[in-house]
Amino acid sequence: MVENKLVHSPLITYGSMLSLLSFTPPFVILMWYTNVHADGSILKTFNHLRENGLQGLIDIWPKPTAIAGKLIICYALFEAALQLLLPGKTVEGPISPTGHRPVYKANGMAAYAVTLITYISLWWFGIFNPAIVYDHLGEILSTLIFGSLVFCVLLYIKGHIAPSSTDSGSSGNIIVDFYWGMELYPRIGKHFDIKVFTNCRFGMMSWAVLAVTYCIKQHEEYGRVSDSMLVNTILMLVYVTKFFWWEAGYWNTMDIAHDRAGFYICWGCLVWVPSIYTSPGMYLVKQPVNLGLQLALYILVAGLLCIYINYDCDRQRQEFRRTNGKCTVWGKTPSKIVAAYTTTSGEKKTSLLLTSGWWGLARHFHYVPEILAAFFWSVPALFNHFIPYFYVIFLIILLLDRAKRDDDRCKAKYGKYWKLYCEKVPYRVIPGIY
């Protein structure tokens, strides 16, 4: 039995879980429909639904098709093969609450390079036209919605009958178990980590693949790629490149080390990431915007700076942990708090909490450049429609909620040491404000 501590009241918690389980699948289809068939106009989509009701949603919901299934399976098998077969150094994850330390093979950057080179080469040599992916995108998303729900059911069953490690168990509530997941580190066999596959190799990789797809489709449609699309694509590809460069660091974050493999993480990465995270580019395919060289460069440079700061925040903390605090931060010896804690098995451990550099500005300051970067790869669409900015608004809600959940978890884990940390770094996300 797993003790489940709710961050919010039970009514809000269960209400939000059931709402997300019910409304995120149709929302994915409405996002696709609005960008591809309604000229990016939420009003057009709303009017269609108002006039036709539930039947209007059923009419625009593409049926899963064989070609969509083939594209998804080929992509998934290719990424799974790269995850298993490409060489990479062995990396250990953080110690879990039960004292278990997962081991990974860090080959994400190689898989990312092989994926993009293969995809672009297939297009360049006329073997496969990525525009097919865009043309069947609705069917692909529909197939992913239902296929990923089945996948999450299988994860739930696996957590009950064949967990991969001691970091698993039930809360006693079927909705909570399905939504949050049963296992922290589910694997197939000894080496195939399911969360690395869903989060990194399927979800994040699809972000880059679709960014390239949208560029190629716009070129096919108009005979050129607009400067707005170029800025959007460059920034998204730089961000995803940063992610895979730092992938081993990602394995220490909440997504991997604390959130279990359920609907929230796995369905989110398999469906929500490809559809919502890429939506500014999806919008620009048929609504190209001409920014002009000067504005395009301003947006590009601002976006690149934000991505660099986001990377440097993560690098700073990773280096601090790797050297056990024996490094310099902004040219000085870092200030830190040595925090003692006890694992669920009763073992005494210590962690170092960094309180200088970027991490002295706010406890989750790295979310600020991440949100700004998302704004800069959305703003090339300018302000004719609201829908390119949905991802930014979603990201703000996601990261503020994550900051609260992380703070609550650390408060429970570190006790008085966390209180001391919050006194030294009083702001949660935005220095001087929040």
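Don't overthink the numbers, they just go from 1 along the chain as shown.
Just so you know, glycine gets a Cβ as well, placed from its N, Cα and C.
TrEMBL entries are annotated by machine, without manual review.
Residues or ranges marked as transmembrane segment in TrEMBL: 12-34 (among others).
Here TrEMBL flags 106-125 (among others) as transmembrane segment. Cβ atoms under 8 Å from those of the transmembrane segment (106-125) belong to residues 78-79, 82-83, 86-91, 200-201, 205, 208-209, 212, 216, 240-241, 244-245, 247-248 of the same chain, restricted to positions at least 6 beyond its ends.
Marked as transmembrane segment by TrEMBL: 137-157 (among others).
Positions annotated as transmembrane segment by TrEMBL: 228-246 (among others).
Annotated transmembrane segment per TrEMBL: 261-279 (among others), in sequence order. For the transmembrane segment (261-279), the list of distant contacts is 20-21, 24-25, 28, 31-32, 35, 141, 144-145, 147-149, 151-152, 155-156, 159, 177-184, 186, 194-195, 198-199, 202-204, 206-207, 210-211, 214, 236, 255, 387-388, 390-391, 394: same-chain residues at least six beyond its ends, Cβ to Cβ under 8 Å.
The annotation transmembrane segment is assigned in TrEMBL to 291-311 (among others).
Taken from TrEMBL, the feature transmembrane segment covers 374-400 (among others).
By the Cβ criterion (distance under 8 Å, sequence gap of 6 or more), the transmembrane segment (374-400) is counted as touching the transmembrane segment (228-246), at least 3 such pairs being found.
Within its own chain, the transmembrane segment (228-246) is flanked in space by residues 108-109, 111-112, 200, 204-205, 207-208, 211-212, 214-215, 218, 278, 280-281, 284-285, 288-291, 296, 299-300, 303-304, 307, 310-311, 314-315, 318, 373, 376-378, 380-382, which lie at least six positions past its ends and keep a Cβ under 8 Å from the stretch.
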